[in-house]
Ligand code: ADP
């Protein structure tokens, strides 16, 4: 209703409005039946994702035309648009001649109103199968037509905006003439409202309008709400000048007021003379009008018939159509209150909604454009993008190629989802994401049989219903998180989905008829490869996205995240600046992740904080207020602002509380105001960071503090979230020589702990670990090893070397080096074996500010994947045996060395 000023495009598709005018702020419901307007609605409104704008242009029947020079064959009187109904129309009244058969002259008015669709519904007429639309349009702003040309069956106009912009409007409102006219208009309108109020008591909202809507819009809205002649409507439309419009509107409102008053008098006289049946008739008429207004005027066709029509247009394959009809026949026999009625109905609705044939038309694939769009959406990831382009190229050459399913593997927030959606947009297909995380039940994939109460289709069918086409790009998200248990094996259902031989007739238990999934392009994501069942993995091609270095994150922020976040919050760099240094701080102190998801979230928090401030500032405009507390004046503040501040500061000290800025009159210096706003962006600094994001979550000294006591060592592990630094703590107490392990450990890691302890024990006597050196020391003591972050399950062999280091540190009472982290599996005899995830682990070490990394020698080849700028900041120590590890892990070398013969 109270639409903000809109941006008008330079061209608009034109919907002719016969002998009627849509005014800005008014809402009309139009039934489109002619081929050209149906086409227009289809192309400009229905098929668009975002509802577009169209132009509504009054047309005048020649008959109604004042100067009747042209022959007319149209018959006026259609309440909505009736330009050219086809002669096959069954509705008898208001038949129009088909404009194609008879060259009907159209008198286009040269001014119209841009409108946006608030609601669209599509219907198919029964015997003919003809499509019609009902559109509810809201008028937005006036335009004038520069020229009108045909696009296919409908018209498109080059237009220019007539109504003033918001700024112009605000300026105009200062004009004394306009102030006077507005006052007069409002007074008349108020009078009308109070008369209406006595009659029906439902005008409360209109009253609110009067107080909140700017008067220039009010004029249109009021006039649009009563019946006036076409000529008067046109002249209202032509009243571009605000003064003219206001006085015209006042006149019309006043006339309407008078006519109500007169009618009132008459009805009072007539009342009491009406017979009962007459009253009933009147009430029925009113009811009809109300129903029509609400859009459910199809008295003659009940609910089920509407459903049937929907089913007819769903394009079901013949055998399924038969099945559906059988089901429908049963439904017809049931009473709506009967059990089973609604479930049967819901089922049929699903059948009608499923995209049996509906496809998004695949456009000719332009590989260069695809590459450009991948590049513009994603920083780095060169190899991954290359692979995607290859994948697309294969599709281009052989569209039905049964290639493998791409599976993006990596920690959260590295861009897996957004890459998949880029694939969809490169192919011009719709995109739908199906989350498989935590799916344990086969029914989640395949649905429940309808015999169950509350049964539902599986996630795939549900997704297809939502996306509405049968050839989307479907992302199977977190395919590694599906597990199997007693309730069946979701993985085997997925296998069927991904198998091109079988997915032609995918069987959802709820749907109970086969659905063809072969047109869907599947893409999958996973955090790790390992948990994916091998048969499933076999169908997929794994593309790894290991995570970003801080430098990459910085680039991603400046190139992608910040612009996007600003845009999402309606800001620009004019309002908010996040300097690189601050982004670096967010990366270091607030996020320690492989991806950029939390980074994006934190940037969004800053943008929200800034948006609130900008909105406040706008609200106080023209008396602009700057609250100094939140917005510290940065060095970049313009000279203009400085002088203003100095002026304002003379009264109160600028360092405390709010500084009231002087009022800058809008009309004289509108230019200056925008300069002023643009010149004082909020610049994020450390104070703002802490205020918005809270105290830093991570600090660089963490490692040093943690290893301050002997018995703690620093390991590198691989988790679902990418590489992590993992501390291992060992302690000892009087006991029976038992080993206690805590921290949610898997079997493999427990075994590693046993091996580590055995290795240390085997050397304890020989190497004289403790000064008292008796074996009983180890035998009469329990050892407790803990992996902090107890809530996170841990497993894998790569903590072997870390465990030994921690034990040696414990027994030798020497601290390990805080700047050194390690990973590696160890054999009983002390050989260090290579482990996986080296790149992620090294990146994690770098994120934590670790300087030295101990790695198994045989992992040397994996270092090739680590960006060289990261490597150059790290000392990589390659080891073959555990003794080498110990040598590197302690200040001054292995603490045991002086006793040993190593
Ligand atoms: P995932 O699916 O891997 O968990 P998303 O695709 O949801 O991650 O990515 C999280 C956010 O980070 C998205 O907004 C995405 O656009 C952004 N992003 C991730 N990687 C990049 C990149 N290389 N360049 C630009 N933006 C990225």
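Keep in mind that glycine also has a Cβ here, set from the backbone N, Cα and C atoms.
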Report task. Please find, within the list 72-108, 109-145, the residue stretch that TrEMBL describes as region 'Disordered'. Result -> 72-108
Query raised in the report: Where ligand 1 binds, which of the recorded positions 411, 413, 415, 841 are close by, with Cβ under 6 Å?
Result: 413, 415
Report task. Let me know the model's mean pLDDT on the domain 'Lon N-terminal' (12-257). Result -> 76
Query - Cβ-based neighbourhood (8 Å from the centroid) of the ATP site, residues 410, 411, 412, 413, 414, 415, 416, 417 excluded - result: 408, 525, 545, 594, 595, 597
Report task. Pick the one among the recorded positions 416, 841 whose Cβ has the fewest other Cβ atoms within 10 Å in this structure. Result -> 416
Query raised in the report: Where does residue 841 (active site) sit by DSSP, helix, strand or coil?
Result: helix
Requested in this report: Pop the Cα-Cα gap between residue 798 (active site) and residue 415 (ATP binding site) into the table, whole Å please.
Outcome: 27
Query raised in the report: Between residue 416 (ATP binding site) and residue 841 (active site), what is the CA-CA distance rounded to a whole number of Å?
Result: 20
